[in-house]
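Annotated features in TrEMBL:
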- A:4-201: domain 'Glutamine amidotransferase' (DOMAIN)
- A:Cys79: active site, nucleophile (ACT_SITE)
- A:His186: active site (ACT_SITE)
- A:Glu188: active site (ACT_SITE)
Amino acid sequence: MIGIVDYGMGNLHSVSKAMERIGLPYVISEDLEVLKTTDGLLLPGVGAFPDAMDILNTTGKAEFLRQWVADGKPLMGICLGMQLLFEESEEHRQTKGLGLLPGKVVKFQGQSADGTPYKVPHMGWNQLHFHQQHPLLNDVEQGYVYFVHSYVVQTEDTQILLATSDYHQDVPAVVGRGSVVGTQFHPEKSSVVGMDLLANFGQLVEKGVKLHD
Amino acid sequence: MLTKRIIPCLDVKEGRVVKGIQFVGLRDAGDPIELAAFYDGQGADELVFLDISASHEGHETMIEVVEEVAGKLAIPFTVGGGIRTLEDMKRVLRAGADKVSLNTAAVLRPELIKEGADFFGAQCMVVAIDAKYDEELGSWRVYTHGGRKATEWEVADWAKHAVSLGAGEILLTSMDQDGAKTGFDVPLLKKVGDAVSVPVIASGGAGNQEHFLEAFNEAGADAALAASIFHYKETSVAEVKSYLKGEGLSIR
């Protein structure tokens, strides 16, 4: 059973509908007692980083998620949910994140190294480039997935970069370490590629596979 | 590299797709769910649903449609029409839409864009602009109320203002070209594209595959939207995409 963490931010419906399409049993809840009974958690999210962290902190979910991961249980963040896994973000103001993965979240520069301006948000379909093998990417095509974001993860730890996409820089697209994984794009909106990836997460959760470095 | 997007647009009234849909092989050409799935299967990169219901009940029905579409579609979709408050946005997004599109309501009360962007993030705020060339102004004027009411806004000024308030994307419809099938309005698209730093969706005027190429290559649009050319099967999403790929564009 997968638990979708409801903390008042965003696209729960599309994520849950994706679970139904794949045939993965799930429960949506904001109740920690309910979430505790699941085998793996999905942290979706659309919205602003400070608001999201504020809610996670005041409802005890931040602490709960840190303990969850410390216990080696699977957690997958999507879009903002992935960014929340990192140490801090500069969206609106400096805000501390969950600190489960090394790195910070910064705004797209909007200008390439040579001074050419480019558009922000990074919005639309972009291609994945895989960097290492990971159960989450098993039999997933290096195809196009759907991104919508104005902030991007910056990390010096290349070990956690499972896949990137090219948008005037390398954009961390799939990240992971131990039992924590995340996608910057929306797998639930990324057609076949996204569905395959979610199905893989479901398998990891069902098998109770403990992911390690 | 980011791909150029092809976006079919569906007008929905009281829960049914209206405005000439000619599809063979569909059980019911007026069913938004069935049409959405059809375009998804053809490779549409995104969909736009415009709720043109006149009644409160119609807007309620739209919420049900959005929920059902979200259950069927694994591609993003935008819902516009009749969204006037933050509460309206919440309902549509909670029902499963990925973005909301604001038009008249944003012109009447621009802070609405900011309220939405602050709450949901700029990326799901689309500002739709209907523009018509004005000789006196020497540029394009923004219209509201489905193109019936002229405003004081020059198109690039309004687009810039909307973006400064948090619009993450501009859906730009040329009223001059709309329905004419003689091509997208390249000068208009350039004007707005140069003025803002967010993606611009070209709308109005698509008549053939070459028009899409123009919108991307000459006008620099990030996405192109069309309705009747797809609904009437003059061409298909798959054909357009395959043509553009052949022309060397980055296409999914």
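Every residue gets a Cβ built from N, Cα and C, even glycine.
Where the annotation comes from TrEMBL, it is an automatic prediction and has not been curated.
Cα-Cα distance from A:Glu188 (active site) to the residue listed as 'active site, nucleophile': 11 Å (rounded to the nearest whole number). Contact annotation for chain B: of the listed active-site residues (A:Cys79, A:His186, A:Glu188), A:His186, A:Glu188 place their CB atoms under 8 A from a CB atom of that chain. Here the CA atom of A:Cys79 (active site, nucleophile) lies 6 Å from the CA atom of A:His186 (active site). Here the Cβ of A:Glu188 (active site) has 32 other Cβ atoms within 10 Å, regardless of which shown protein chain they belong to. The Cβ of A:Cys79 (active site, nucleophile) lies under 8 Å from the Cβ of A:Pro44, A:Gly45, A:Val46, A:Val148, A:His149, A:Thr183, A:Gln184, A:Phe185, A:His186, each on the same chain and at least six residues away in sequence.
Within 10 Å of the Cβ of A:His186 (active site) there are 25 other Cβ atoms, across all protein chains.
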